[in-house]
Amino acid sequence: MMINESLAGDFILVGFSDQPQLEKILFVGVLISYLLTLVGNTAIILVSCLDPMLHTPMYYFLTNLSFVDLCFTTSIVPQLLWNLHGSAKTITPVGCAIQLYVSLALGSTECVLLAVMAFDRYAAVCRPLHYATVMHSRLCQSLAGMAWLSGMGNTLIQGTITLWLPRCGNRRIYHFICEVPAMIKLACVDIHANEVQLFMASLVLLLLPLALILISYGYIVQAVMRIRSAQAWRKALGTCGSHLLVVSLFYGTITAVYIQPNSSYAHREGKFITLLYTVLTPTLNPLIYTLRNKDVKGALKRLKKWKSRVIFYDIYVLVYNKLINFLNFIVLSEICTIVSMFFMYMIPIRIQ
């Protein structure tokens, strides 16, 4: 009966349909962000794979992160753009199930992967003499594999339980994606046990990795405080600053949605917060990690000498230079747009 019910008709993604003018602004902003995400993350993957000098644990994990961001945003944004541009706000049951499984798996993978990258930064700063011995290739592959397996395991459990909840014909999803907190709201049975399960899964895959990240950076701060060289300070800050900024953006937004799934804040305003970690964060990640990065610039110069071996070298160098030249304008525009839309949605103007 539940299988027949799940295949009976399409879901309706309400999203931002109550504000048509906002949809037009969102369409442009999301499209620009998606294009930048595709270009930036693909460039990181290509440069990291093609340049032997970047075959280090840091760029190995960064390549995994870029691949996760590429797949994560691609599982969400095309459907979002379709719904924002057209009058039809529907998604098929199969499409909804695929989006739920894929986005949940990749989001969970990114949570663990950011914790793994924090451990890598801890080893680089606190154990510099033993870094090559500690972060050997087999350990790096095992840690990356652990991140991917944890994401797949979580989505198989959470996604399957969510899809098997009886909905009694409820098909209006008050969100722009098929996400667990929004999907369980469609159930016509008591969902208290599901909310407790979601909260426990969030503790394991959100708060536990975040705690490990904070512990790692606690040791890093202690090690940096003992450094008296200004050059070493700048090197440590450059090593850890980018990762810490990405962690703040990602965890600060996703935690607000998954830790309090039953609150009106996570249900309504959570749509805007979801935009931040599904659209904006994957866009900013490659820019944060590569902006004024000497390793990446050096890799591009070396690739210039080998450009006969690199088919798309000229295209990516051109795009990379354009991204650097217009980065401040783009990022400022994106942040201002998101913030303005956030306040437009949270503080509606009442006409007396």
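Please read every residue number as a count from 1 along the shown chain.
Placement of Cβ uses the backbone N, Cα and C atoms for every residue, glycine included.
Summarising the annotation, TrEMBL assigns domain 'G-protein coupled receptors family 1 profile' to 40-289.
The transmembrane segment annotation in TrEMBL covers 25-47 (among others).
Taken from TrEMBL, the feature transmembrane segment covers 59-78 (among others). Listed as Cβ neighbours of the transmembrane segment (59-78) (distance under 8 Å, sequence separation of 6 or more from its ends, same chain) are residues 30, 33-34, 37-38, 40-42, 44-45, 48-49, 98-99, 102-103, 106-107, 109-110, 113-114, 116-117, 120, 140, 143-144, 147, 177, 278-279, 281-282, 285-286, 289, 295.
Feature annotation from TrEMBL assigns transmembrane segment to 98-119 (among others).
Long-range contacts of the transmembrane segment (199-220) within the same chain: residues 108, 111-112, 114-115, 118-119, 121-122, 125-126, 150, 154, 157-158, 236, 240, 244, 247, 251, 254-255, 258-259, 261, each at least 6 residues beyond the stretch ends and with a Cβ under 8 Å from a Cβ of the stretch. Under the heading transmembrane segment, TrEMBL lists 199-220 (among others).
Sequence annotations record features per position, and here TrEMBL assigns transmembrane segment to 241-260 (among others). Only residues 6 or more beyond the boundaries of the transmembrane segment (241-260), in the same chain, are considered here, and those with a CB under 8 A from a CB of the stretch are 107, 110-111, 114, 117-118, 121, 179-181, 198-199, 202, 206-207, 210, 213, 217, 266, 270, 273-274, 276-277, 280-281, 284-285, 288-289.
Among the features that TrEMBL reports, transmembrane segment is placed at 272-291 (among others).
What TrEMBL lists as transmembrane segment is 326-347 (among others).
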